[in-house]
Amino acid sequence: MECADYGLTRKLERDNLNLNPLQRGGVLPAAARKALHEFGDGYSVCDYCDGRLDQVTRPAINCFLDDLADFTGSDAVRTVHGAREGKFAVMHALCERGDTVVVDGNAHYTTHLAAERNGLEIVEVPSTGHPSYEVTPEAYREVLEETIDRVEVKLAVLTHVDGNYGNLTDARGVADVCRKLGVPLLLNCAYSMGRLPVNLRELGVDFVVGSGHKSMAASGPIGVLGMKSEWEDTVLRRSGRHEKKELELLGCTSRGAPLATLMASLPYVRERVSRWDGEVKKTRYLVSELEDIGGIEQLGVRPKEHDLVRFETPVFHEIAASHPRKGFFLYEELKKRGIVGIRRGQTKWFKCSIYGMTEEQVQYVVDSFRDIVEENR
């Protein structure tokens, strides 16, 4: 049997400015690339394991988890395969089939899948709709009170920053509402933990989940699950047959390269969140400059509080209507200028992020969009 050529190269994405929001927070620093080489083989972190991944001392996973708990303001923390697995584990531990959970209208599809796989009923908190798509504590209060009148709500889930509009929600405000109504709250921080400061205790939530590969400069798949101490016995309960193994995590979770790169990146990530205000400033500049071109409008809450931006772009859609390359022209014009990350054929709208770019790179992106409009309008 001959295997196909699987096209295992990312030269285009590595050698150009990548605007894809999925990629910006997962770029590995030098220390993580070294760890990737060192721990790339299979179960490489398990050479000295005595049955519990969180207790491995060589490499010092136990110490790393202590530092990770401190970083996230959690009483207990575990690595999981991704934020979605963290959400599923919490739902499975707290709920029974047929129970009800309340989620926000901007929730990631994996929140819905985690609930569906657990056999749960989903009640949605609506956003304000176009153009801001904001989810507010008041909306949570109204939906929770109305739902609690009918059924018991076992868990509320809030998306800290959503992947469609990049709205940073008022997590502390929603947590206050949930606490008063006696409903535990899980905060989905896939787009925030590792980019901006996230502290479970300060926000007043019960659980946080994060994404190492999306926002914490790690290889995927790996996520973070943090919790208050009061939930440890429930979520981290042990197997009756294999007494060392934590049942909801199916024993050991992410091993090898993903875990090693997350460990290696933590010092870098801890430092970079202190520069979050600068990232917001750059993003607001991008929005201002692109909107100044005309025919481009930012969706979501204003002013921006996160690097992920969604733009409506009728100017590019109008150009595409008469351009020989139709909807592919924007992708191709950007690629010629060394910019990637916008989907091929997409001109009505697009999402982008300049997280981690220098001011010079941001200016180059702005100038490139302006030039494309001027040359093709």
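Sequential numbering from 1, following the chain as shown.
Any Cβ shown, glycine's included, is placed from N, Cα and C.
The pyridoxal 5'-phosphate binding site annotation in Swiss-Prot covers ALA83, ARG84, ASN188, SER211, GLY212, HIS213. DSSP assigns GLY212 (pyridoxal 5'-phosphate binding site) to a helix.
Under the heading N6-(pyridoxal phosphate)lysine, Swiss-Prot lists LYS214.
Neighbour density around each Cβ, counted as other Cβ atoms within 10 Å, peaks among the binding-site residues ARG84, SER211, GLY212, HIS213 at GLY212. Within 8 Å of the Cβ centroid of the pyridoxal 5'-phosphate site, not counting the listed residues ALA83, ARG84, ASN188, SER211, GLY212, HIS213, the chain contributes GLY82, GLY86, ALA190, VAL209, GLY210, LYS214, SER215, ILE222, GLY223, VAL224. Within the set ALA83, ARG84, ASN188, SER211, GLY212, HIS213 that the record links to pyridoxal 5'-phosphate, no two Cα atoms are more than 14 Å apart, and one pair reaches that distance.
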